[in-house]
Structure formats: structure tokens, C-alpha cells
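Quick notes on the structure that follows.
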Amino acid sequence: MLVDVPTIRPHKLAMAVMHCQVLCLVKITCSDGVVGWGEGTTIGGLAYGPESPESIKVNIDSYLAPLLIGQSADPFAASARMAAHIAGNNFARCAVETALFDAQGKRQGVPVSDLLGTRVRDAVPVLWVLASGDTAADIAEAEDMIARRRHNVFKLKIGRRELAEDVAHVARIKRALGDAISIRVDVNMAWDRHTAMRGIAMLADVGCDLVEQPLVNHDVAGMAELKAQGKIAIMADESLTGPVSAQAFIDADAADVFAVKIEQSAGLIAAGRVGAMADAAGTALYGGTMLESAIGSIAAAQLFCTFPNLQWGTELFAPLLLTQEILTTPLTYRDFALEVPQAPGLGITPDEVAIARLARGAPTRTITHG
Ligand SMILES: [Mg+2]
């Protein structure tokens, strides 16, 4: 089902301004009666990548569901079947795989983390993204977050404005918040190589700790050049779409940090492989988000809590950016971290009444296996 949820304020990224998040929520009922939930969500419709919430729904209904109905509900088997028969559509595959992991965890009485690896932490650090577009409003927002012990690391979305204006914005926020607070930026592919060379040098001078995806996603060589400068940590995000892309970055020594995203990687299993590859190569890790609601965010948290190294924390803050609660019990954000539930499956209970109220009018299509 497609669910529209307004955000608490406009969220301004280089490629889109979001006022609302569209969730594609997947509910799978297995033949033993066990139910699992998953989520496919994008940023700004088609602004960020080739899948939209609407395409995720139509492709699940038309292709993924018929492929899987009557087959094993084991998430590893289903994931392999999807990979063999469905090209691309990483977000849609992730949504279905997540729902099957939720169901499998409930079936076996274990949290999804235990199906993916060994849980090494029960909470993951979570930063906040300052993206109101207004420097003073961003500073006030950050100070409020620090005072409430909700976030003490901030990521700034830049790349929409002139370089000097963007750097001045970062500098003012860094000065206002002080040395103890880590400030990072996400350019979302908005710079060319020359702008990136200049921009990174300027950002280093104002105390910025990391630059995320300064260049277009396919420019691996350009990212390697920026990393070789050694001025600020370089993080790959949009470039990483699973293990094959991760290998290209490792071979080219093109990033200090990988932002691992379960949707971009085509699911929890593939994202776990990206994490293991980064570890083996000495690349640091960060848990990324596609601004998923509580369902997708906690699925990612179940994976990230199994990563032995999570040097740069996570950005699983998006449930706090949404105005509507879709769980019967909200997620727990405390002491700058998100707690990862221990209950079976994803460890959450979707509020189906709230979800039905927010869902788009058309009735959900149900396919039964004959
Ligand atoms: Mg990013």
C-alpha cells in the first residue's frame, strides 16, 4: 500500500524539496499465518533514483508477488529467487525481503539481527540532518536536539546554492555549535570535480569532518582523487548499489567511508555483504537511510547492530521527520541513539488503523495462490 505522510518541516536536498514522504508498505501473510512487514521508500519521488514508491508497488504487485507466491518463505531463498529473476528494482526487492525476514524472525522467535549475524550492540548512534534551508533555524534546531540528548552529530545538506554561500552556512553552524559537535555535509552528487576540489578544501578550513557523495554516482575515479587529497573523509552513498559497486570503490580506493543502505543494496543480505567487504578492505562504515519510516528504519537498524565496526554511526532519524506515528509503540530514541528491539522479527507492531487512515484510496490488491 502507498501511504502519504507529511514531514515536520520542508526537507531541502540538492535534488528535491520534500514536504511529504510516500511510503510503500508491504505486508506479507505466509501460509502458516505468520505476517511480515517491509517498506520501500524513495526520496523526492524519482528525483533521487530510478525507483518511485508507485513503481515499487506496481512491480511488487505485477512481478515480485507472482514470482514468490507458492515458494519458500525463507528470506534467503526468496532473495536469491528475486535476484535471479528481477533486474534492478533494488528498493522493491528490499521491501519484500524485509517482510520475509520479519516473518522468519517471528516464526523462529528471534530478532532479525540474529538471522543476519551476531548482534554486537542494542542501540545505534543516530545523527540529525539539518536541511531547513535557513542557517539560523538550523542552529536553533540543532541546539534543541543537543539539549534533549537526541542528537549530537549533524549532517548538513548542501549543493543547492553557490559554493561560497554553502560553506558560509556550514561555518556559521560549526561556530555556533562548537568543537565538540561533529558537522558533516552531504552534497548529493551536486558538484563537478573542480567544484569538489575547491569545496572540500574550504570545508576542511571551517572544521567539517566528512563530505558525502560530492560527485555524480558513476564518477569512481573522481572520488578516488578527492580521497587522495586527504583533507576530509570522503563517503560514498548514491554510488553504492550493492556488492559489485562496493568492489569497484574498494579496487579504486575511492572512499574512506561507505554509507550502507538496505534499499540501495537490494536488501538486508546484500547490504550485509557490502558491510563485510568494507570491513575487509579497511573502509569505515556508516548506516544510511532513504528516509524510511519506522518499518524500514528498524530493519536497517537490525542489520547495523550486527556490524562489528560502525565508525560513523547512522542516520536512522527519518521516523522523527514524519508527522504521523505508524507503530502501536513508537521507536525509542534516547541518549543520541536508536534502540534496536529484541522482540522477534523486526520487533515492532505496525498500527494498521493509523496506516489505513493514511493510505491512498485504492483498495490493496490481494493475490491468492490457487
Ligand atoms: Mg546521502
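Glycine residues also receive a Cβ, built from the backbone N, Cα and C atoms like all the rest.
The feature domain 'Mandelate racemase/muconate lactonizing enzyme C-terminal' is assigned by TrEMBL to 136-233. The active site, proton acceptor annotation in TrEMBL covers Lys157. Look at TrEMBL and you will find Glu315 tagged as active site, proton donor.
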List of residues, in chain order, with Cβ under 8 A from that of the residue listed as 'active site, proton donor' and at least 6 apart: Val126, Leu127, Val129, Lys155, Ala259, Tyr286, Gly287, Gly288, Thr289
Helix-strand-coil residue split for the domain 'Mandelate racemase/muconate lactonizing enzyme C-terminal' (136-233), DSSP-based: 50 helix, 14 strand, 34 coil
Close in space, distant in sequence - Lys157 (active site, proton acceptor), Cβ under 8 Å, 6 or more apart: His11, Lys12, Leu13, Ala14, Val129, Leu130, Ala131, Val185, Asp186, Asn188
